[in-house]
């Protein structure tokens, strides 16, 4: 509410020194309250505003109604960079609502401050690196400033160091440093001072950097090393060491390598350890001839562009007894005849064995330990020579012989050298090897094979299948081991038609037949069989008795025949006098039975006699009835069976072998001329052939047209050449006569006529008139037979065909139009057929006249069709 003088001592002006710490008192004042304000101050004195704005000041209570303005230290007052005066507006209010607002002016006063370092030295200790060998030069620029902008002075301690600092603050080196001789690090205290003597100090570290300016040198003095052969890869041969003067105070980082092209050793590039890298076999080339290996070891202080030194060392590979005696071959196979005399030399093993160790003391060996089943029959003359000889006699057929044909012996080939390695190799090495000797006792053929029988007799049915076994022959041989006996036929076993009718298995002695046996031809076969053990042989006779069986079929003559009979043939008639006659090589003529198996519809035909004879006649058993429809078939195909079991009883027929012969008959029944059956004495067969265009054959007219044009062009060109030639030779001949020189004639044939004749190859008697008529068995055409003329064609039929035949069109094709007029064609047909006059009423029409009448009607219908274009 009301403004009253509550702030005692304000407004006022006060000063404060720059860089004052927090809590420094700047100004003190009191608050006066009204007696009515029993509770004192409601709002404590507060800085409500400042000009310029700042938070560097605050108000603290001193107790009671006394207060003071203090610095906060945030921000720190700086005379050089901040405002030099601040107006603080202080507000207060008591409990009665009275307020007061006054201004406190604070002036910042200047203070002489210490110089300050700037840049990296202001925030950290600066480290400077100087390469050894660098000439004296400026190495660093110190940056410092005085808050009062006073001129500063630079200095460094200790003064004995080879460095100096100038008035500008530049630090210079005063010498060329050697890392191996001079200190590696210097600590410089840099001091900067203002005119009033205030100063600041910072430390600068100077490190001397070592550079690679020295050559490494080997510290290993040994140059010759000896190692035994066959060291495992990775075995250490030597530890090559070296030093680099540049790294005297630390472990040197050197790089080792082998410069010579050696494959046996390698060196660790970091440690210098020389190791075996591959097998070192002293007994193989090239170490066998050159066991000393020279290596050039190189040490470098940098993988590239560094300093290096080289050293040559020699490694000698020593031979050890690491190879057993080797025998090639390691297995021997020898053959000796049974009953060989004792003392017979077999083999000298030393000629096949050797020890490849280089050192003579390591390649000596001997032969010991002859063992194996039956080794008591053999012996070694000495352990040095290795000669194996017989000591006993072996007879394979002797019952006391164990039956062994191959003796397996073993001989130990042992290395006699015993190298004793001291120090690193405190053990002895001894090698041996085993030789396997197989002695085969070769049998001697002492005995002949012997057949179990002196002769063999086998009985076999004549119907036994080819390839069947009929018996076995067997022979044995006393030789041991039992030899392979081979069987063969050496004589006989053949007949007139076959060289070999029997065969014997070469290994089993199984006798088999190779051809069909025939009891009716040969009843007994005798042949000689041989048993051979490849050196000695013996023979035995074999007799084969052939047992006869009924295996022949009846053979009848004729076995196929065609007959023609009239429909009115009397029952019981021997048809055309036909009979069959049968033969059987292994059956009695009375054993035949005859029966018709197929084709005998309505049982019109039988054979008489039906059994008991080798001949039988064909008899008509019942008449034909076509009018009532009982019979419809005019052609009969009969299958006649002839069996040879007529003399076999019914009880034996189940087991008796029966053979059957077959005869086929073809019987045509000829109808009577007066029957209802319509016959055609002649017919006209018209074949129409026409070319039809096919879309898939589009190229045909194109090719023909193109070929025709080319041909016409060629002919025209040739004619023009010929005409030019003739005019050149005789130009007036043609003109004088006024006649053309050339005349071209084109002939085209459009049709050809082919005559087909009806052949009348049969004749019969008309049962009504008793006259004879002729008929064609192919077409059924008939005609009355003239008494004075033989069988001949009655009607000639013309068939018209075009020049080409398309698609195989025959007699069923469409009729093609003729170039002749219908009237001319009728005249030709009439002249060809020459029909008789139409019979008057009451007269019977001959078959020929009926045929001509029917033919004429057919021609008229055809001519009517010919008047229109062919479809």
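Each residue, glycine too, has its Cβ placed from N, Cα and C.
For 817-829, the entry in TrEMBL reads compositional bias 'Basic and acidic residues'.
Here TrEMBL flags 830-839 as compositional bias 'Low complexity'.
Among the features that TrEMBL reports, domain 'Cadherin' is placed at 8-117 (among others). Summarised as a single figure, the pLDDT of the domain 'Cadherin' (8-117) averages 85.
TrEMBL lists 122-218 (among others) with the feature domain 'Cadherin'.
The domain 'Cadherin' feature in TrEMBL is assigned to 219-327 (among others).
Summarising the annotation, TrEMBL assigns domain 'Cadherin' to 328-451 (among others).
As annotated by TrEMBL, domain 'Cadherin' applies to 452-560 (among others).
Marked as domain 'Cadherin' by TrEMBL: 557-683 (among others). Under DSSP, residues within the domain 'Cadherin' (557-683) fall into helix, strand and coil as 6 helix, 55 strand, 66 coil.
Taken from TrEMBL, the feature region 'Disordered' covers 798-871.
Sequence annotations record features per position, and here TrEMBL assigns transmembrane segment to 698-723.
Shown for the domain 'Cadherin' (8-117): DSSP residue counts in helix, strand and coil, namely 0 helix, 61 strand, 49 coil. Sorting the domain 'Cadherin' (122-218) by DSSP state (H, G, I as helix; E, B as strand; all else coil) yields 2 helix, 46 strand, 49 coil.
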